[in-house]
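Peer 1: For reference, the structure I am asking about is given below.
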Amino acid sequence: MGQQVGRVGEAPGLQQPQPRGIRGSSAARPSGRRRDPAGRTADAGFNVFTQHDHFASCVEDGFEGDKTGGSSPEVLHRPFGCDAESQALNEAIRWSSKENLLGATESDPNLFVALYDFVASGDNTLSITKGEKLRVLGYNQNGEWSEVRSKNGQGWVPSNYITPVNSLEKHSWYHGPVSRSAAEYLLSSLINGSFLVRESESSPGQLSISLRYEGRVYHYRINTTTDSKVYVTAESRFSTLAELVHHHSTVADGLVTTLHYPAPKCNKPTVYGVSPIHDKWEMERTDITMKHKLGGGQYGEVYVGVWKKYSLTVAVKTFKEDTMEVEEFLKEAAVMKEIKHPNLVQLLGVCTLEPPFYIVTEYMPYGNLLDYLRECSREEVTAVVLLYMATQISSAMEYLEKKNFIHRDLAARNCLVGENHVVKVADFGLSRLMTGDTYTAHAGAKFPIKWTAPESLAYNTFSIKSDVWAFGVLLWEIATYGMSPYPGIDLSQVYDLLEKGYRMEQPEGCPPKVYELMRACWKWSPADRPSFAETHQAFETMFHDSSISEEVAEELGRTASSSSVVPYLPRLPLLPSKTRTLRKQGENKENLDGGLDAAESLASSSAPAGFIRSTQASSGSPALPRKQRDKSPSSLLEDAKETCFTRDRKGGFFSSFMKKRNAPTPPKRSSSFREMENQPHKKYELTGNFSPVASLQNADGFSVAPSQQEPNLVPAKCYGGSFAQRNLCADDDSGGGGGSGTAGGGWSGITGFFTPRLIKKTLGLRAGKPTASDDTSKPFPRSNSTSSMSSGLPEQDRMAMTLPRNCQRSKLQLERTVSTSSQPEENVDRANDMLPKKSEEGAAPARERPKAKLLPRGATALPLRAPDPAITESDSPGVGVAGVAAAPKGKERNGGTRLGVAGVPEDGEQLGWSSPAKAVAVLPTTHNHKVPVLISPTLKHTPADVQLIGTDSQGNKFKLLSEHQVTSSGDKDRPRRVKPKCAPPPPPVMRLLQHPSTCSDPEEEPTAPPAGQHTPETQEGGKKAAPGPVPSSGKPGRPVMPPPQVPLPTSSISPAKMANGTAGTKVALRKTKQAAEKISADKISKEALLECADLLSSAITEPVPNSQLVDTGHQLLDYCSGYVDSIPQTRNKFAFREAVSKLELSLQELQVSSTAAGVPGTNPVLNNLLSCVQEISDVVQR
């Protein structure tokens, strides 16, 4: 707020801001309502939102105003800046509302005024002083420099340092295009009477006054009459905006108070380029003084330096001579020369004449975003700040998208933080200018796997949509205050998890809308992901449509009202809510935009988590591995005794994570097994019916209710369960009933917020107890934990998944999957369709059944059930999966009901626990049998009533305990690890060609579980909903690029697929695999595989029956299954799996095709099949 000595007139009428220089994007401005958290010194002088908020102080010739800088989209944040509140207040006091009322109106369009001081540095530049009048003579080629004449001479000055003399930007109170929430942010730390005039973002050209009074910010629309008069109240109209501001600075006249102190603007804009000479970026090395080192990397180091010409602190990126070619180094510099955006780190110059090479950029004093998030104060960096940061990054990426650039390394570590939470995207070493739709990286290029899109990992191809994927991961980093993505998951497992449909869980406290955006960014098909323009608009909409502060206050207030865990939260003054009556607005109701400061609760500015939690049904991703977990959502429950662990929330969840506390000793499996067997009376039911007035059990994303059969049971508590649920991303719009629950109850729509510390503890279920004081029950054992991992798998502690045991014991968990809660994108409907039917009652029958003998390799364990004409033992040797016979999955033509794993009928409308076994038997497009990802532990020598044979991803056999075995001793019941053994060569293939099209109705003929399996009756079985229709085709919106799928042998073709042609295209159909058909890698050579591929290619080109082509194709699939693990390079392995997946899908289409085999030119199915075979051959020959 510089004091105005001279006065410059203003043209009549409302003056609109004139474009000047490079206009930035509005993306850098947040749109959330917030007030500065307590305890933080408000940097009142910094304006970090607006693009055209240059400090206006126009004085007559010979007079000089204060040297206070301004803010602009091209802000170069210096390590120093405006002082704190005192300086802003002192300068505000000196402001005179009459500063621009007098003086002649200038009609010369070339007459400009200086906004900032500028010191000449050679190259014919001219020194100017703020407030000095200048006449513009011309511009350089890119318009970033203006040639001007002043009383001191003629020369070049930066274009963004001057403005037309009649522009609104000369005024100290005019801030240009600023959103409503950004204005509130600017005024939040100021005093009563602080104000600014801004242009509306949503309605360009519409001006408003934002005025702070008594902790609130009021917004008044400035109206314009037909005769160009401006007014706030209809009784007081003025010719110019300056007159209006002057009037309301003396009398309120309808405003809540008078206009006293313009909000300050203190940062100078960035000077683009070294000089006005176009494309001159080479700097003199002697102009840079190197200071201390900031950090180092693979290619060089980064230092703090001073650009002596401008006395400007800069960042200097150096490169080692032997690590990077000069051309590659210049490519990065060339990319940075072309980008100019307030949220992109600006290139200032380069030194490339001799090594070591320098890239000189603006300096961001707070370092990279990742470290900043990990070390910041949660009281300062609140949910609003996090959302603001994400908005800025989306704005920068939208700019790159429009410029047709790809970044290729977007992550929190490559974003830098400046004053007042300004974030800028940096590190353009991998960025490229796109000349087509995609960019293919050279062989051997390295990429950050956890941030790289699947198509980029598989094919080395990049597009702006692969940056969108990385942006979704970056959002997850922001929401978790800098946690590492996919915590506890090894790099080699990430791609395999993604192809199974796994996506990271919803961070604790993350609003559903933000998580929906993350999931949209993680769509498998690039075409299905949103553009950065859409993501940026989505963030802006979030700010405008709702108050984040109010959501934080509402969510945390609800939790605090029911919990005694959060008494430490600081008692901040409560701000008035929107519903409170506005003061002094009776005579100005038509112009008041509305009360804008959201009411904040005592906890709103100190939320330990990044974003707020939702009380509505939201999508959660699977439970995470044990290596990294966060606090349990149930830590806020009143009954602290029943939680598996406690923790101090005072430091925020991430600080607790960094302490690396040791997890408690997990419960013994034997006792847990006995507990579940000996206490069959315990029932569990979790419902997903959420409402804004959720009960205490709902506070963490799910509710727990006792079984209807036993109403006296207290609600069970679940520490880790987001089970069958509905994903909220765009591709799940057609999904079945997710979080809203179903008529049948049961495991329906569980969401819950899983964090690394939560799952670091034992994942399990607390059973309902007849009395609340009975605390003797123990958590369920981790069914797939590291203690029973196969010794042959690396990173055991990171790869194992902690899964709750199935309390119904109606299914066998035969395979390690990502989580019980992970639902593949393409199969959400099917995941919601699965629920175990009512099972046999009592535990005694399980003890009375004779033990089943260990089955030989290649055989399958069939469930003990009544003979079914639809499924006979002779028909099904190839149908079983790892020892469980899976009946045809798909509704048949005659309306038969689908049978689930272990012969348990499934209801089409009910939601069920998507157990690992079910994932094997039902979800074909999301599981890769050849990928060693989180697979079930190897068990040996178990005294189970029945021993079933399972297979891991390598085709190795292992034995499984029955679900409810009778335990006689502790140690004997504990599963033991055995080293996997290679499977023998496959036996002759048996095919099922005919099969009846119906199967028994589960309501009329309940099926029995496998021998030795105890299946107590549960509420889920008793509350079956009516069967619903099964879709006859793939789910709408199925990704263009299906997840890579390792082939399945011909014997695994379900008879339902042959009986029903349309069923062949179902996404949710599961082709099961006979374990013994795995061909070991040492028996498949490259030559044999290529020979088999040539054989299939030859068969395709000849008129042969479809059945013969299918046989040959499945033979090739078997060869591929055995060969995939011998591919040395990871990227080639990814591409190979993708090609094999396409081949498998092509064979399925051929199998159900009614068209007779012909030549590839006439049959599109054959064309597709031939291209798949060729792609496999190409990958193998690389």
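Residue numbers in this text run from 1 along the chain shown.
Placed from the backbone N, Cα and C atoms, the Cβ positions cover glycine too.
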Peer 1: Here are some residues: S203, S632. Which is flagged as phosphoserine in Swiss-Prot?
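Peer 2: Out of S203, S632, Swiss-Prot attaches the phosphoserine annotation to S632.
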Peer 1: Between 575-594, 655-674, I'd like to know which one Swiss-Prot lists as region 'Disordered'.
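Peer 2: Swiss-Prot lists region 'Disordered' for residues 655-674.
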Peer 1: Which residue, chosen from S691, S936, is annotated phosphoserine in Swiss-Prot?
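Peer 2: Cross-referencing S691, S936 with Swiss-Prot, phosphoserine lands on S936.
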Peer 1: With respect to Swiss-Prot, which of the residues Y213, Y495, Y568, Y1123 bears the note phosphotyrosine?
Peer 2: Y568
Peer 1: For the feature phosphoserine in Swiss-Prot, which residue out of S72, S621, S876 does the record point to?
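Peer 2: Matching S72, S621, S876 against Swiss-Prot annotations yields S621.
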Peer 1: Checking feature assignment: motif 'Kinase activation loop' per Swiss-Prot, candidates 177-201, 427-451, 502-526, 1152-1176. Which range matches?
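Peer 2: Based on what Swiss-Prot states, motif 'Kinase activation loop' spans 427-451.
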Peer 1: Out of L294, M364, which of the binding-site residues is least crowded by other Cβ atoms within 10 Å?
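Peer 2: Sparsest of the binding-site residues L294, M364 by Cβ contacts within 10 Å: L294.
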Peer 1: Taking the binding-site residues one at a time (G300, G367), which has its Cβ surrounded by the most other Cβ atoms within 10 Å?
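Peer 2: Going through G300, G367 one by one, the largest Cβ count within 10 Å is at G300.
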Peer 1: Given a 10 Å Cβ-Cβ cut-off, pick out the one of the modified residues Y174, Y231, Y303 that has the most other Cβ atoms nearby.
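Peer 2: Output for this query is Y174.
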Peer 1: When you measure from the Cβ of K317 (ATP binding site), which residues in the chain that are at least 6 apart have a Cβ under 8 Å away?
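Peer 2: When sequence neighbours closer than 6 are ignored, K317 (ATP binding site) has G300, E301, V302, Y358, I359, V360, T361 within Cβ distance under 8 Å.
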Peer 1: What kind of secondary structure is G367 (ATP binding site) part of, going by DSSP in three states?
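Peer 2: Its secondary structure by DSSP: coil.
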Peer 1: Cα of Y174 (phosphotyrosine) to Cα of G367 (ATP binding site): how many Å, rounded?
Peer 2: 31
Peer 1: Reduce the DSSP letter at Y174 (phosphotyrosine) to three states and note it down.
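Peer 2: SS state of Y174 (phosphotyrosine) = strand.
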